[in-house]
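Chemist: The S-adenosyl-L-methionine binding site annotation in TrEMBL covers GLY80, GLY81, HIS82, ASP100, PHE130, ASP149, GLN156. Taken from TrEMBL, the feature compositional bias 'Basic residues' covers 7-20. Taken from TrEMBL, the feature region 'Disordered' applies to 1-21.
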Amino acid sequence: MEDQAGKHVRRPRYRGTHPRTYKEKYKELQPEKYADTIAKVIQKGSTPAGMHISICVKEILEFLQIRPGQTGLDATLGYGGHAQEMLKCLEREGHLYALDIDKGESEKTRKRLELLGYGPDILTIRNMNFARLDEIAAESGPFDFILADLGVSSMQIDNPDRGFSYKYEGPLDLRLNPEKGVTAAERIKKISREELEGMLIENADEPYAEEIAKAVWEKKRTGLEISTTTELRQIIEEALAFIPAEKRKETVKKSCQRTFQALRIDVNHEYEALYEFLEKLPDALAPGGRAAILTFHSGEDRLVKKSFKAFQKKGVYREVSNEVIRPSAEECLRNSRAHSTKMRWAIKA
Ligand SMILES: C[S@@+](CC[C@H](N)C(=O)[O-])C[C@H]1O[C@@H](n2cnc3c(N)ncnc32)[C@H](O)[C@@H]1O
């Protein structure tokens, strides 16, 4: 087994027959080498560590109608699964631009796609916030197609060092760009009880926002810092101890999910970035250009719906999706992370 610098390192030993922690899943983290393991994990309906299974690929490609020679943008590169499919449609003619604010993950994706033959002649990758859509469009010329698959990738969620999941012990970080901004732990340190309560309601419709904000505030008052994912989870568990035992486990799980989502949206300024992107989208599209957006919670979907309808009313978009498009039941069965996905699209006049 080799580390990132190519040096030989002893592989982690794990107890029992199956690896449990992220670091023990060294086979899943080397998909080129252990294709059988990857196939088995996917067949079980799970996402291998260090990988992301792209959602609604068929629906996106059907809508975007990509043709050789076109110029497109993948505003959220991630693992590059969608990018790879879009590149196939270009048949080596045209160009795909791709953005991501996660430098570490996009570097891995750049290498992976280069090995598949997609180098700088056909693919340009930038570490850039999609809120700066106007800047990339000024460089590339207007886009024939644009995709944004919002939120976090499985690689980010599953890596405990990033702090995205309440399920794994790790630093309470939650930044998509680990080189910029404040961590969720720093944010919690400074936030008032009222502001935290408001954030939990606004970003995640958390029904126990008041109880959770109070519990966090009481913990901080004793002088304790909340610096890890499990510390925050414990506080949520304690705050919800009044829930009847038979319902508690499920309620705590949901409140943990929503609290982490609310903090992630906040530290990454996700609504602000999406709002700017949506405002700049029409000018970045060529006449007849197509844009598809995948969202993962109601706050995001509301923003997309509102923007698409408003620009359609002004005659900027020729057509927009009237209903959300959902992944098929079969896709949700194969990929549990597809459950909450909603897709909307727009065509420039
Ligand atoms: C759901 S993943 C994309 C997965 C990708 N479509 C694939 O098939 O592998 C979302 C990605 O968007 C990135 N991202 C989130 N917000 C962003 C922003 N404002 N600007 C650029 N990238 C962003 C995240 O870092 C993450 O890698």
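Even glycines carry a Cβ here, placed using N, Cα and C.
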Chemist: For GLY80 (S-adenosyl-L-methionine binding site), which DSSP three-state class applies?
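Modeler: Looking at the DSSP assignment, GLY80 (S-adenosyl-L-methionine binding site) belongs to neither helix nor strand, so coil.
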Chemist: Within its own chain, what residues at least 6 apart in sequence put their Cβ under 8 Å from the Cβ of PHE130 (S-adenosyl-L-methionine binding site), listed in sequence order?
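Modeler: Result: ALA75, THR76, LEU99, ALA148, ALA273, PHE277.
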Chemist: Can you tell which of GLY80, GLY81 has the least company, meaning the fewest other C-beta atoms within 10 angstroms of its C-beta, among these binding-site residues?
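Modeler: Selected from the binding-site residues GLY80, GLY81 on minimum Cβ neighbours within 10 Å: GLY81.
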Chemist: Measuring Cα to Cα across GLY80, GLY81, HIS82, ASP100, PHE130, ASP149, GLN156, which the record gives as the S-adenosyl-L-methionine binders, how far apart are the two most distant ones in Å?
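Modeler: Farthest-apart Cα atoms in GLY80, GLY81, HIS82, ASP100, PHE130, ASP149, GLN156 are separated by 18 Å.
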